[in-house]
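Some notes on the structure that comes next.
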Amino acid sequence: MELKPNVKEIPGPKARKVIEEHHKYMATTTNDPNEYFLVIERAEGVYWIDVDGNVLLDFSSGIGVMNVGLRNPKVIEAIKKQLDLVLHAAGTDYYNPYQVELAKKLVEIAPGDIERKVFLSNSGTEANEAALKIAKWSTNRKMFIAFIGAFHGRTHGTMSLTASKPVQRSRMFPTMPGVVHVPYPNPYRNPWGIDGYENPDELINRVIDYIEEYLFEHYVPAEEVAGIFFEPIQGEGGYVVPPKNFFKELKKLADKHGILLIDDEVQMGMGRTGRMWAIEHFDIVPDIVTVAKALGGGIPIGATIFRADLDFGVSGVHSNTFGGNTVAAAAALAVIEELQNGLIENAQKLEPLFRERLEEMKEKYEIIGDVRGLGLAWGVEFVKDRKTKEYATKERGEIVVEALKRGLALLGCGKSAIRLIPPLIISEEEAKMGLDIFEEAIKVVSERHGYKIH
């Protein structure tokens, strides 16, 4: 049966009961019963079906996890096959061929033609924690640079790198010492008021100069910095695409001072941007790459892929229990195969459709301040006023709700942006359908608040 968005009542009676019980028994995280009231029972292709039978087109990919589809048959087949062999083989103490096969594949597809090794874990946070330890151990340095707007995890180590929302650090000090944050080259919003679309080189120079002339000249000893953590496109910070040459200049700076470049591909890797890795758009080879989310196709897994010469070399410095889980490894291998069998090309093919439609919406609706993206990773930022760029956070939430009521699942990012990240299996027809619903939601909210529509 061919599915299409079909919503009768959301949240329906069954959903309301689940939401009520959830908040009674589950710890408070990021669930919002007023905005994200989707209670998922099952999935098919690019559609969620909720407990009341509502069908919703997914433009969230389960927060960037389900790139190869919400229930990919090849991934499910690989998982079932592995379940008949072995579920867990203690991969950091005993040996198993499944994790080795995955590590070989990750080294094969990693950016650049250099010798690498892999540490397997269960999440993006753990992948970044491993990167922290690899960088400290291999350089014998203790400091790091990260970017304002970044998200690298929520454990105490990675939380010290994260800087997208103050609430993520609230009552959590002290975090890991030695992390300094600098402005990300956001073409739309930056401390210098530079239009980074019109003057990308000026924006790049300001960020690089800030690191060289303010950090290194005044209070951060460059020779004590182990690594620079970055997202090639900031995710939780608002789906911010930096100027194309930024990472080339950052690499020059890093190489000059012997600093490792650590590329967090947790949200933007695995074909999301129309390349296997988002950093491939920027023509540099990072020293360490971290990946998770979409790697497992729904099964928890993380990986830290690093230059082989950075390896610990001493048993016991770092390890874990579930890293290299056999089922997760089987799922990840199936995901990579699916991506290489046309899904990355599909993201490339649909990029012009998203770019054109979203730019048209920006021209039409004054509430849209900025549109940015690559492949099937798009951010639309909403503002109260295009001149002041005042955040339209409340209106952003209303757009998410109106879309949900019409059968489109979205997620916010940044202070007032929405990310559009459908599974890479989405067809052109489904993409157009989702964009139509998105525009309808924008129109309804614009009319409600009196924003100009051209």
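Here the Cβ of each residue, glycine as well, is placed from N, Cα and C on the backbone.
Residues or ranges marked as pyridoxal 5'-phosphate binding site in Swiss-Prot: Gly124, Thr125, Gln267, Thr321. For Lys293, the entry in Swiss-Prot reads N6-(pyridoxal phosphate)lysine, with the evidence type experimental evidence. Annotated site 'Plays critical role in maintaining high affinity for the substrate' per Swiss-Prot: Asp93, in sequence order.
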Just to be sure I understand: of Thr125, Gln267, Thr321, which binding-site residues have a C-alpha no more than 10 angstroms from the C-alpha of Asp93 (site 'Plays critical role in maintaining high affinity for the substrate')?
Thr321
Which value in Å gives the longest Cα to Cα span across the pyridoxal 5'-phosphate site residues Gly124, Thr125, Gln267, Thr321 as recorded?
24
Identify, in sequence order, the residues in the chain of Thr125 (pyridoxal 5'-phosphate binding site) that are 6 or more apart from it along the sequence and have a CB within less than 8 Å of its CB; answer 'none' if there are none.
His152, Gly153, Arg154, Thr155, Thr158, Ala292, Gly302
Residues near the residue listed as 'N6-(pyridoxal phosphate)lysine' in space but at least six apart in sequence (CB under 8 A):
Ile63, Gly64, Val65, Gly124, Val266, Gln267, Gly269, Met270
For a quick check of understanding: among the binding-site residues Gln267, Thr321, which residue's Cβ has the most other Cβ atoms within 10 Å?
Gln267
Pick out which of the recorded positions Asp93, Gly124 has the most other Cβ atoms within 10 Å of its own Cβ.
Gly124
